[in-house]
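Student: I'd like to ask you about the structure that follows.
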Amino acid sequence: MSTGTVVQVIGAVVDVEFPHDAVPQVYDALEIKSEGLVLEVQQQLGGGVVRTIAMGSSDGLRRGLEVVNSGSPITVPVGEKTLGRIMNVLGEPVDEAGPIGEEDRYVIHREAPSYEDQSSSTELLETGIKVIDLVCPFAKGGKVGLFGGAGVGKTVNMMELINNIAKAHSGLSVFAGVGERTREGNDFYYEMEDSGVLDKVAMVYGQMNEPPGNRLRVALTGLTMAEKFRDEGKDVLFFVDNIYRYTLAGTEVSALLGRMPSAVGYQPTLAEEMGVLQERITSTKTGSITSVQAVYVPADDLTDPSPATTFAHLDATVVLSRNIASLGIYPAVDPLDSTSRQLDPQVVGQEHYDVATGVQTQLQRYKELKDIIAILGMDELSDDDKTTVFRARKIEKYLSQPFFVAEVFTGSPGKYVSLKDTIRGFKGILDGEFDHLPEQAFYMVGSIDEAVEKANKK
């Protein structure tokens, strides 16, 4: 273990000088013992000097402080002992419940599984959320992105997915809070505790008040813990909230290191950094990682380089729309924009595929007719078009659903709808079985039977 001294501090960037024959490698973890601060080597500048990024606050650092090279990248605890615990980027507990007591530690920079070891599955993962199960079904061991601007419900949707899948799936989950609000991490902890699944969830947080180096690495810390469970032959759920903050942290680090920015000010290595993370989130012949990632969309622009780069890695995309949220329809999932590789007759079956495409066709036709209705009114439409509009409005309302995690806000009990009931309900609307019911009966209900019951009460 070689030692060096701090020679320059500029915000989160710390330059350290080492003897010429003991210069640390890129990604090695260095520790300033007196400050309890860990640094990660990013560049070798020559002359024995390395440029590092601080994993914590660099307040109070000064030139001349002694720095010790650990000789390896950052290592974090893995295995059963991490379940039910909240940790930071270094795997240190922050829940005041004593040491982790881990039996093993892994380095956070690891190779992705080789092509021969990878395994893909077409087995569907039922979420209990109608709109997702119908138009963008998830695959076990797949990667899902929840795309949306500010305040359209990404975190609430993710909490509901965790609530529904973690309970029904009864597997292990790892939650990486990347650059999000501390309040959300707090809410998530108590939500898991109330649901009784806390002992099956490992939580890693790097909130938005942390330095950029911390936020850039916290996703890798969470992923390393998920990889350990996968390598033990388990099926694990890996939740990331929010992948955009990971990109943003990379942008900040890139600027601090003096790299030339690329489009919209992002780092020139955006695609590579995203690839390094996403390629590791994969299923092998031993076990599976099913990943759900929230993706913030800046200014609701899906062509922004950050969400656009993320798109390429996903199996299913759930796009949350501000227009749908403004109609009071929650979850505000856009059924015309959301996609899934699993929506194929050979995977989901012919009936599911026909109902899903039928729903999308009706909604697309309604979207086209909206301009005519706005200018000329409903009376100018043909009888067929009028029927399309009435059914599309019912479908639109029926795509809403009360959530378990939103019970405190809405006052309505949450509903879990099985895939079979979802298909039956939408098939009935498309076939005209419920043409006699008012469209309001379909709003914020679970199964179609509840809509019929609601209409009969009136």
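Glycine too: its Cβ is placed from the backbone N, Cα and C atoms.
Quick paste of what Swiss-Prot says about this protein:
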type    : residues                                       : note
BINDING : G148, G149, A150, G151, V152, G153, K154, T155 : ATP binding site
Student: Near G149 (ATP binding site), how many other Cβ atoms are within 10 Å of its Cβ?
Tutor: 17
Student: If you count Cβ atoms within 10 Å of each one, which of the binding-site residues G148, G153 comes out on top?
Tutor: G148
Student: How would DSSP class G148 (ATP binding site) in three states?
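Tutor: Strand, per DSSP.
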Student: Whose Cβ lies within 8 Å of the mean position of the Cβ atoms of G148, G149, A150, G151, V152, G153, K154, T155, the ATP site, other than those residues?
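Tutor: For the ATP site, the extra neighbours are Y296, L320.
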Student: Here are the binding-site residues: A150, V152. Which has the lowest count of other Cβ atoms within 10 Å?
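Tutor: Among the binding-site residues A150, V152, the sparsest Cβ neighbourhood within 10 Å belongs to A150.
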Student: If you draw a 10 Å sphere around the Cβ of G151 (ATP binding site), how many other Cβ atoms fall inside it, taking every protein chain shown into account?
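Tutor: Other Cβ atoms found within 10 Å: 11.
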Student: Taking 10 A as the limit, how many CB atoms besides its own sit near the CB of T155 (ATP binding site)?
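Tutor: Taking all protein chains shown, T155 (ATP binding site) has 20 Cβ neighbours within 10 Å.
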Student: Any same-chain residues 6+ apart from K154 (ATP binding site) with CB under 8 Å of its CB? Would you list them in sequence order, or say none?
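Tutor: Set apart from K154 (ATP binding site) by at least 6 residues yet with Cβ under 8 Å, we have L146, F147, G148, D241, N242, A294, V295, Y296, L320.
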Student: Tell me the coarse DSSP state (helix, strand, coil) of G153 (ATP binding site).
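Tutor: Its secondary structure by DSSP: coil.
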